[in-house]
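J.: Before anything else, here's the structure in question.
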Amino acid sequence: MTQAFNERIAQALKQRREQGLSRQSEVIFSGNQTVLEHQGKRYLNFSANDYLGLANDQSLVRAWQQGLSLYGCGSGASPLVTGYTPAHSNLAASLCDWLGYESATLFGSGFSANQALLFALLEKGDLLVQDKLNHASLIEAGLLSPATMKRFKHNDLKALDTILNRSDCPSLVVTEGVFSMDGDCSPLAEMHALTQRHSASLMVDDAHGVGVLGEEGRGSCALASVKPDFLVVTFGKAFGLSGAALLTDKSSGDFLAQFARHHVYSTALPPAQAFALTHAVEMIRTQQWRRDKLNELQTLFAEYLGEHDSFVATQTPIKPWLIGETQQAVMVAQRCREQGIWLTAIRPPTVPQNTARLRITLSANHTKEQMHTLAQVLLTVTGEH
């Protein structure tokens, strides 16, 4: 490597360390369960996104095993060559039937699905309007796209209206259904009406809403009784697996098959995974008890901790515990681990400056006893117990 690149890398890492923002992966066993192991110690896990408790569900494990016996391991090619199997087709059909769309284009990740649409659809002269707290995949794609990107204050419909009022070019408004770091929901009904009034299109990334909210877990859009032009659902949260799909009308689906490079030039999802995902869709649709359990746990969380200054009320399993200062958040997370609770400090640039927090996530597999332990530890480490 050249000296210039070496120096650049060293300087960037040094700056992150000095800011207290350096990150690293830790080797975790059973990180998809409510009790994980790290370096021989066991912790209650309140950091995973396995909201419905499917990631280690034995029925889903068996479905993947059945898929392996039918299709083998990898897909062997991109979807437009030989990588699109009956398992992929069945998954797409299942998603369309469940969510009410004509087409479902599959991707290896939500990051890819988000970027694929923006890169394929937008041209110079278009207007892209995004919530300031949208996921990094969306913001990055907007910065790199030929369109003009404007960002509006989080969930501020008046600011969005002002931006759209000033434009007469093709416009795409992008938001998240549930925001991953705050756990709050977008005002989708009002936003949908606003985009229709301005003849703008609407894209919703519902990674953290689908499976959790709405009838049969159809997500935040169904809960708000709206149908966006483009709906992204990801499989790494409530589905307990990985990957993503972009739901559209048939014409847009045909367009993506031609021009969405993340889809065209990537190896298709393993067919066994697609087979298991179809089973996950059925579980999500029919096992309402998982969402009922989550609602019970959310009520408990509010009862135990609702009076604390760090508490933030949400209608989702994402429960931010606001700290503010970065080093303080890291210290509180470490003290929680010393008490047997695995929580992760979320720091800038993932969240805005001075809003560092613990991102607490609930799973349908958590017990009431585990919730009580979490509350006791949080109150203890913050000196209010």
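Every residue gets a Cβ built from N, Cα and C, even glycine.
Straight from Swiss-Prot, here's the annotation block:
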BINDING   R23, H135, T350  substrate binding site
BINDING   G110, F111, S180, H208, T234  pyridoxal 5'-phosphate binding site
MOD_RES   K237  N6-(pyridoxal phosphate)lysine
J.: Tell me, by DSSP, whether F111 (pyridoxal 5'-phosphate binding site) is helix, strand or coil?
T.: helix
J.: What is the maximum Cα to Cα distance, in Å and rounded to a whole number, among the residues R23, H135, T350 annotated as binding substrate?
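T.: That value is 18 Å for the farthest Cα pair.
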J.: Which of the recorded positions listed here (R23, H135, K237) have a Cα atom within 10 Å of the Cα of S180 (pyridoxal 5'-phosphate binding site)?
T.: H135
J.: Looking at the recorded positions R23, K237, T350, which ones sit with their CA no more than 10 Å from the CA of F111 (pyridoxal 5'-phosphate binding site)?
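T.: Within 10 Å Cα-Cα: none.
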J.: Between the Cα atoms of T350 (substrate binding site) and H208 (pyridoxal 5'-phosphate binding site), what distance do you get, rounded to the nearest Å?
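T.: Their Cα atoms are separated by 16 Å.
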J.: Please identify, from the recorded positions R23, H135, H208, K237, the residue with the sparsest Cβ neighbourhood, meaning fewest other Cβ atoms within 10 angstroms.
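T.: Taking R23, H135, H208, K237 as the recorded positions, the minimal 10 Å Cβ count falls on R23.
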J.: For T234 (pyridoxal 5'-phosphate binding site), which DSSP three-state class applies?
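T.: Going by the DSSP assignment, T234 (pyridoxal 5'-phosphate binding site) falls within a strand, counted as strand.
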J.: Only counting partners 6 or more residues apart, tell me which same-chain residues put their Cβ under 8 Å from the Cβ of T234 (pyridoxal 5'-phosphate binding site).
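T.: The list for T234 (pyridoxal 5'-phosphate binding site) reads S109, G110, A113, D205, A207, V210, G243, A244, given in order along the sequence.
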J.: How big is the Cα-to-Cα gap, in Å, between R23 (substrate binding site) and K237 (N6-(pyridoxal phosphate)lysine)?
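T.: Pair distance, Cα basis, whole Å: 22 Å.
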J.: Considering all pairs of residues in G110, F111, S180, H208, T234, annotated in the record as contacting pyridoxal 5'-phosphate, what is the maximal C-alpha distance expressed in whole angstrom?
T.: 13
J.: Out of G110, F111, S180, T350, which of these binding-site residues shows the lowest number of other CB atoms within 10 Å of its CB?
T.: T350
